[in-house]
């Protein structure tokens, strides 16, 4: 059960399920299915499977079932990885983060159902689960020996690129929080047309302010990704890991902008809205991997300095 040969398929399964949890959470919010099971948790309307199953209940119940399954699969992956490849420096911290944030996510979700948290607290739910997904995603890349295939274990990342990468990660995470807040406050179509309602730029409602904040932070995050990409391409032309990684980050953020604009133009088409959530999930997972490389590079540098 916890054999090394199970690691690859198990890591793919865990990544897919965690991505599905992200999508499920977005679907619950987009369809207004948060109260699909009433104020009852972990049961649904006081039962394991309620007799009356309207669409809101089915969506909420499916999300809870997927979240429970993800906890089982991630725990299985974590135990297997810890046992078989725990000697790799990043594996144990990633295992701990994966499970810890998955549990925190479940508790925040339960609190939202039982005590009806306000929108600003509920928006944290997506960001917390995103950290858990990213940990599983990075663990999967390590399991598939991406480090060896692209010489990622030999990458030296200079101080400037580190600053660009951390700035990119922070801006993106704050932008993701405001995006979740847009969903929870039902502000998707607030503040007029995209990119700006030039005939009336002043926000008038809380929803307008939330939407404007999201667009502003999305712009800042996009600029930070472009600056990191520009520096990486100029100074790391011969390094495949850096070149591919930062190029992928730029392409994903462009797709994110496109789907964000299309969400408004299509009056929040459900498929486009879910695609918007999925793209940012993998974007943050990729940036998490770049941060792991950054920390590894820093660690190697310190070892070399201590050797002298």
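Note that the numbers count up from 1, one per residue, in the order the chain is shown.
Every residue gets a Cβ built from N, Cα and C, even glycine.
Segment annotation: Swiss-Prot labels transmembrane segment over residues 162-182 (candidates 162-182, 183-203).
According to the topological domains annotated in Swiss-Prot, residue 267 and residue 296 fall on opposite sides of the membrane. Residue 44 (disulfide bond) has a Cβ environment of 21 other Cβ atoms inside 10 Å. Cα separation, residue 125 (heme o binding site) to residue 276 (heme b binding site), rounded: 17 Å. Only sequence-distant pairs (6 or more apart) were considered; of these, at least three Cβ pairs between the transmembrane segment (68-88) and the transmembrane segment (124-144) are under 8 A, so the stretches are in contact. Among the recorded stretches 9-29, 124-144, 162-182, 245-265, 271-291, the one sharing the largest number of Cβ pairs closer than 8 Å with the transmembrane segment (216-236) is 162-182. Around the Cβ of residue 214 (heme b binding site), 25 further Cβ atoms fall within 10 Å across all displayed protein chains.
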